[in-house]
Amino acid sequence: MAICPIVKGDVPILRQPCKPISDFDQSVRQLLDDLTDTMCHHAGVGLAAPQIGISLQAAVVDIGTGPLELLNPVIRKEEGTQSSVESCLSFPGTTLKLERPEKIWVSAKNSSGEDIRLEAFGFLARVICHEIDHLNGVLFFDRMTEEQFFSQLFDQIGTGNFSSSTESGNTQRSTRSEMEDIRLAADFFADSIWKLELGLDLLRNHAANRRQAWERLHKISKQLAQAVQKWEND
């Protein structure tokens, strides 16, 4: 078992459909263990083999209920739609809201090469879809139009142009530093917002039993998003 470096950015290996696994030997077991260790080390909920530089159809998922190992996974059927936020360990700091199926039916192999079938809905379905996309060379922002992608990206980092006038060097450096600080702070807040929304999404099915707590968290999420938007616009 090992913690592997994560491949980052829109690079060729993340754009190539991965090769199906045909030999279910010790190397496959090692790959799954490495994926799990790396995912847990980075506090992720899913990781696919190409994200650690290996172009094979292997992925692991863990939304808090224990690791789920998927080899050669295929979505056989999907139903409904859901819209929520996603991030990706290969694109740290980027959080996007997009649609996924509400429920999916998946066939795959386990580490012994045995057939497995599963149904997943809600957050689990979303994570599995994200990882299977990786195995097919699809990145999460491919599920959006360019207009949607850049609109959300700019919302996260804030707006504002650096001064292009002939001010003194000290003033330019001060302005640039201030804008960098603002953008960095906006990134931090955007990161907090998606994690809060992700937590709310996980609790949504249990909201009836904890209505007061869920509504309070939902209110906090909205207030934080509004505060960041107002700050960016000022």
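Cβ atoms here come from the backbone N, Cα and C positions, even for glycine.
Marked as Fe cation binding site by TrEMBL: Cys88, His130, His134. Secondary structure from DSSP puts His130 (Fe cation binding site) in a helix. In this view, His130 (Fe cation binding site) is surrounded by 23 other Cβ atoms within 10 Å of its Cβ, with every protein chain counted.
According to TrEMBL, the active site annotation covers Glu131. Taking Cβ-Cβ distances under 8 Å and a sequence separation of 6 or more, the neighbours of Glu131 (active site) in its chain are Gly46, Leu47, Ala48, Ala59, Val60, Val61, Leu70, Pro73.
Listed in sequence order, the residues of the same chain lying 6 or more apart from His134 (Fe cation binding site) and placing their CB within less than 8 Å of its CB are Leu14, Ala48, Pro50, Gln51, Ala59.
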